[in-house]
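S.K.: Annotations for this protein, taken from Swiss-Prot, read as follows:
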TRANSMEM  24-44  transmembrane segment
TRANSMEM  78-98  transmembrane segment
TRANSMEM  103-123  transmembrane segment
TRANSMEM  138-158  transmembrane segment
TRANSMEM  177-197  transmembrane segment
TRANSMEM  209-229  transmembrane segment
TRANSMEM  245-265  transmembrane segment
TRANSMEM  273-293  transmembrane segment
TRANSMEM  298-318  transmembrane segment
TRANSMEM  347-367  transmembrane segment
Amino acid sequence: MLYLLYEWLARSQEHLPALNLLKYLTFRSGMAMLTAYIVAVAMGSRFIRWMKAKQGKGQPIRTDGIARHVTEKAGTPTMGGFMILAGLFVAALLWADLRNVHVWVVLLITGSYGLLGFMDDYAKVTKQTTAGLSSVQKLVAQFIVAIIATVILILFAPKSPMTPGMETSLVFPIFKALVINLGWFYVAFAAFTIAGFSNAVNLTDGLDGLAIVPVMFAASTFGLIAYLVGNYKFADYLNLHFAPGVGELAVLCGAIIGGGMGFLWYNAPPAKIFMGDTGSLALGGALGAIAVCAKHELVLGIVGGLFVAEALSVMIQVAYFKKTGKRVFLMAPIHHHFEKLGWPESTVVIRFWIVSMILAFIGLATLKLR
């Protein structure tokens, strides 16, 4: 909104020189981060009190899991993702270029998945059960929205004449010449990336602060990636494909970081509120959509390797148990396995943060290793 105001004033004779700052992505990304942080922190205390009053017993805690969680975390309200999403959307409306197709595609995914997560959280809280919507219901809804968003990108996102067909191509990291055009099969691949990463973040959100910090690391990494591939000079220097308009997603990444910091203010151990599916599904979907827009889907698997590992641990556990009746891990997702081994919750969380930070640096390194 402010960016559009700047462009309107720039065409007149009344604009102030200070408004020229608005044309810089770096400035708007920083302001988006600050705005989202302020919104999340400002609404935090009142929102938490309201959620406690509305939810009563708070988020249901698994009774077959870590015993101390039942006593330590009982009564903690959920749906804290609303704080992050409020900051994200306010910041996006203020600082992003609202004519940009990529911005609206990411907001479509984020808002839709946030609504789906809210429905899941609401079902859990009202029924006081850890089972909300069925997995099939969530997956079908996620894939439908992701397919629609991907088709919009393919048809309407700006294209570079230097890289025809890139909108349906899969770009491999490190190997700069390895690009495979999947045609319309790319729609299924992109939808899987978005929905899969959304659920991976959701599975990781099981301990205080565990998911949100790796989300911020991933958002920082993809904010830089989006900025680079959206700038022809940087993309050419680094031998990256040029993706017109994708740089604007750096603003949304800044907003995710700011909203995440504001949420972490209240989610730091002992958590006063949980993110819930409202936040985890939305943020995972947002990162998946940003990776698709930037054509760095495979790099997301590296940067978000912690989330991928959490999801794989669940799939391995379920598949192996169905086949043999035995478990590979003491408990899945894998962060609970380490708790069962005797690691304190804070140790698990901080070590997982370290792993996610290392993976983020490795993901960034692929930009230069070509």
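Any Cβ shown, glycine's included, is placed from N, Cα and C.
As the structure is a computational prediction, the values presented were derived from the model and not from experiment.
I'd like these features described in context: how deep, what's nearby, how far apart.
M.R.: Proximity of distant same-chain residues to the transmembrane segment (78-98), defined by a Cβ-Cβ separation under 8 Å and at least 6 residues beyond the stretch ends, is recorded for 1-4, 28-29, 31-33, 35-40, 43-44, 47-48, 51, 55, 58-59, 104, 107, 110-111, 114, 117-118, 121, 124-125, 212, 248, 251-252, 254-256, 258-260, 262-263, 266-267, 273-280, 282-283, 286.
With a threshold of 8 Å between CB atoms, the same-chain residues lying at least 6 positions outside the transmembrane segment (103-123) that come near it are 59, 78-79, 81-82, 85, 88-89, 92, 96-97, 132-133, 138, 141-142, 145-146, 148-149, 152-153, 157, 194, 198, 202, 248-249, 251-252, 276-286, 288-290, 293.
Long-range contacts of the transmembrane segment (138-158) within the same chain, counting only residues at least 6 positions beyond its ends with a Cβ under 8 Å from a Cβ of the stretch, are 101-102, 105, 108-109, 112-113, 116, 120, 167-168, 186-188, 190-191, 194-195, 198-199, 244-245, 281, 285, 288-289, 292-293.
Long-range contacts of the transmembrane segment (177-197) within the same chain, counting only residues at least 6 positions beyond its ends with a Cβ under 8 Å from a Cβ of the stretch, are 109, 139, 142-143, 146-147, 149-151, 153-154, 165-171, 241, 284-285, 287-289, 291-292, 297, 300, 304, 307, 311.
For the transmembrane segment (209-229), the list of distant contacts is 25-26, 29, 84, 201, 235, 238, 240-243, 246-250, 253-254, 256-257, 260-261, 263-264, 267-269, 271, 275, 279-280, 283-284, 287, 290-291, 293-296, 299-300, 303-304, 306-307, 335, 348-349, 352-353, 356-357, 359-360, 363-364, 367: same-chain residues at least six beyond its ends, Cβ to Cβ under 8 Å.
Proximity of distant same-chain residues to the transmembrane segment (245-265), defined by a Cβ-Cβ separation under 8 Å and at least 6 residues beyond the stretch ends, is recorded for 25-26, 28-41, 44, 80-81, 83-88, 91-92, 95-97, 100-103, 106-107, 157-158, 209, 212-213, 215-216, 219-220, 222-224, 226-227, 229-231, 275, 279, 283, 286-287, 290, 293-294.
For the transmembrane segment (298-318), the list of distant contacts is 170-173, 193, 196-197, 199-201, 203-204, 214, 217-218, 221-222, 225, 284, 287-288, 291, 327-329, 332-335, 337, 352, 355-356, 359-360, 362-364, 366: same-chain residues at least six beyond its ends, Cβ to Cβ under 8 Å.
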S.K.: Same-chain Cβ contacts of the transmembrane segment (273-293) under 8 Å, 6 or more residues past its ends?
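M.R.: Sequence-distant neighbours of the transmembrane segment (273-293): 44, 47-48, 51, 59, 76-85, 88, 102, 105-106, 109-114, 116-118, 120-121, 132, 138, 142, 146, 149-150, 153, 157, 190, 193-202, 204-205, 211-212, 215, 218-219, 222, 226, 243, 246, 249, 252-253, 256, 260, 263, 266-267, 299-300, 304, 307.
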S.K.: Under an 8 Å Cβ to Cβ limit, what residues of the same chain, 6 or more beyond the ends of the transmembrane segment (24-44), are close to it?
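M.R.: For the transmembrane segment (24-44), the far contacts come to 3, 83-84, 86-88, 90-92, 94-96, 223, 227, 247-248, 250-259, 261-263, 265-266, 273.
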